[in-house]
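Encoded as C-alpha cells, the structure appears first; notes follow it.
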Amino acid sequence: MKSLRCISRLTSPHNLQPCHSSHSLSRNSSFLVLLLRTQFPSIQTSLSHSNFRKPDSSFSSGPVIRSSMAASTPTTSAETGTKLFSVIFVCLGNICRSPAAEGVFRNLVNKRGLDSKFRIDSAGTIDYHEGNQADPRMRQASKRRGIEITSISRPIRPSDFKDFDLILAMDKQNKDDILDAFNRWKFREPLPDEAHKKVKLMCSYCKRHDETEVPDPYYGGPQGFEKVLDLLEDACESLLDTILAENKHIFDS
Ligand code: 4NP
C-alpha cells in the first residue's frame, strides 16, 4: 500500500504543468488516474480529493485556510426577511454532477414557483477547476433536456456547514471527503455541532433507480452524462417533495 501511495502522489497535479482550462491539465492527470484506478482499484480512496488539490487548497492541512476567509452568506430572503431553505450539491470537481444537480433542482423549484423560498448552490471537494464553467458535455446534455447550467466551479468551504440546511453528496467518496473536511474545520473555527447530519447521498432520494451513487461521467462517453441526468431528475423530484413535506413552516407562509 505504501508503494501505491507513492504512485498516487506522483500523479498529483502538483507535479504537472499548471493550467486552468477545464481540460488540458486534467486530461494528463486523468489519464494517469484512470490507469491507476484500473490497475489498482484499492487506491481509489487515496486518489480522491487529496491528490487533485492545489497547494493552497481548502482541504490543505497547512496554515493557509483560504476557504475560511469566504464570508458566510445569510440564508434569509432579502425581500421578506423570512428563512430560505438552502441546499448545496457537492461532487469532486464541481464541473459535471453537482452543477447539473444544481440546474435540475433549480429548474424544478422554478416550475413550482418556489424560487423565492430556496437558496441553491453547488461545490466541489477539490479546487482544481475553481472559476471554470461546467464541463461543456454536461451543459449540452442538460440543455437538451431544457436545463441551463450556469454555475462556476468553487470548492466547498467551512461556512457551507453553517449556511446550508442540506449538503447532497453525489457519491460515497464525496460524502467521506465532505465529512473529513468538517472534522478538520470544526477544530479551527466554530461550526454547528450537528452539521455532519446535513450530509446525505443524492441517490438516497431516488425513487425510480436502484443506484446508490451518481457515477462520475468525466472519463466516459455521452451516455454517462445522460445517466447522471436520469438519476438527478429522479432524486431531485423526491428531494423537493421531501423538503416541502418536512419544512411546512417555511413553505406554508
Ligand atoms: P465531477 O466530475 O466531480 O462530477 O465534477 C469530475 C470532474 C473533473 C475530474 C473528475 C471528475 N477531474 O479529474 O479533473
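Cβ coordinates come from backbone N, Cα and C, glycine included.
The structure displayed is predicted, hence computed values, not measured ones.
Per TrEMBL, the features are:
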DOMAIN    85-242  domain 'Phosphotyrosine protein phosphatase I'
ACT_SITE  C91  active site, nucleophile
ACT_SITE  R97  active site
ACT_SITE  D216  active site, proton donor
Around the residue listed as 'active site, proton donor', how many other CB atoms lie within 10 A of its CB? 18
Compute the average pLDDT of the predicted model within the domain 'Phosphotyrosine protein phosphatase I' (85-242). 98
Coarse DSSP state, helix versus strand versus coil, of D216 (active site, proton donor): coil
Surrounding CB atoms that lie within 10 Å of the CB of R97 (active site), all protein chains: 34
When DSSP is mapped onto helix/strand/coil, what comes out for the residue listed as 'active site, nucleophile'? strand
